[in-house]
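What follows is a short report on a single structure.
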């Protein structure tokens, strides 16, 4: 099941639990605006190249829209719509004053030089500058983009609107980026896992973890879990998968990955089949890579007691019903957008926080978030995924009705 179908299914189920009427349901589902623009740039060799840029702005009932900009050759409009919608529910679950958006450019960033990427980013910003803004739509990095991309958008936008650091998040620190942003999604995964384990009288210390995906989110989660005494027994990335039943030395592994661009060949572990990583014996499984990896084919073989979804949509709905406790992505990986919110707040105030404050505030939001999700689970007698969806949907629906937008 693709991301849009899964998101719509979850939306419909949550809507039924909340008893929303058909008119309100329809207005919540339809995007506020879909933008498509042509971006033509001169390449380094003097030829012209055209690319299609896009932005889906889903909902702004609770505040400015928020979501990543990705540069990728195969941009699926359905997936972008699903991710924009998912951001609406995610920001509502996190209880930060945003709605959802998503967008990007259909290009392969590895085929473009740094100067070509800069020109493309600046032309895209010129096309959409009057449709984004500090109190309208605040982009952030996503697949194929980074803090440098955000710096170019900030600079180009500021040419039209004056210096506006709060127009994007995920910026370099020197341009108003927040301390703690790089680790935020992984740290949020840790705080979410801690809160979940506490519900069952457990702590991170002594639990065995398997992490699929060792990019930014997976590696930070592994590092922070290890620091709290958790035992990371297996990890995988695009290069392969490794296992050590006594626990991997995460500091040594991080150094190995930096030098060898992957976990493959790490000396203090056994190589295993990448496809078997999800069914390794552990207490907590953290999928932190691709969507749809846990499905009807492998769900019955999973030995973990808890699954914490650090990736977007890693679990197909058919696999949700297999009895494992799943902490859903719209709550579990919301640390990144929460610290993006902190960055936006700091920029608006013109007052930057120490990293300790960023991390403490994030822990408060993540801990309170699970408490709110559990309350919805108890009210509607549902699992954590539906608890999160009903929480997010209810907050957006209430804002929509209060503003008189439900017609």
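A Cβ is built for glycine as well, from the same backbone N, Cα and C atoms used for every other residue.
In TrEMBL, annotation is done automatically, which means it is predicted and not curated.
Copied from TrEMBL, the annotated features are:
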BINDING   66, 90, 340  substrate binding site
ACT_SITE  102  active site, proton donor
SITE      142  site 'Important for catalysis'
BINDING   185, 216  NAD(+) binding site
Number of other Cβ atoms within 10 Å of the Cβ of residue 340 (substrate binding site) across all protein chains: 29
Spatial neighbour of residue 216 (NAD(+) binding site) that is closest, considering only the recorded positions 66, 102, 142, 340 and their CA atoms: 142
102, 142, 185 screened against residue 90 (substrate binding site), Cα within 10 Å - retained recorded positions: none
Binding-site residues compared (185, 216) - the one with the fewest other Cβ atoms within 10 Å: 216
8 Å Cβ shell about 66, 90, 340 centroid, substrate site members excluded: 67, 87, 91, 94, 96, 98, 100, 140, 334, 336, 337, 338, 341
Cα distance (Å, whole number) from residue 142 (site 'Important for catalysis') to residue 340 (substrate binding site): 13
Residue 142 (site 'Important for catalysis'): nearby recorded positions from 66, 102, 185, Cα cut-off 10 Å: 102
Alpha-carbon distance [residue 102 (active site, proton donor); residue 185 (NAD(+) binding site)] in Å: 18
Cβ neighbour count (within 10 Å, all chains shown) around residue 90 (substrate binding site): 27
Alpha-carbon spacing, residue 66 (substrate binding site) to residue 102 (active site, proton donor), which is rounded to whole Å: 7
Site diameter for substrate, Å, by largest Cα distance between 66, 90, 340: 13
Count of other CB atoms lying within 10 Å of the CB belonging to residue 102 (active site, proton donor): 27
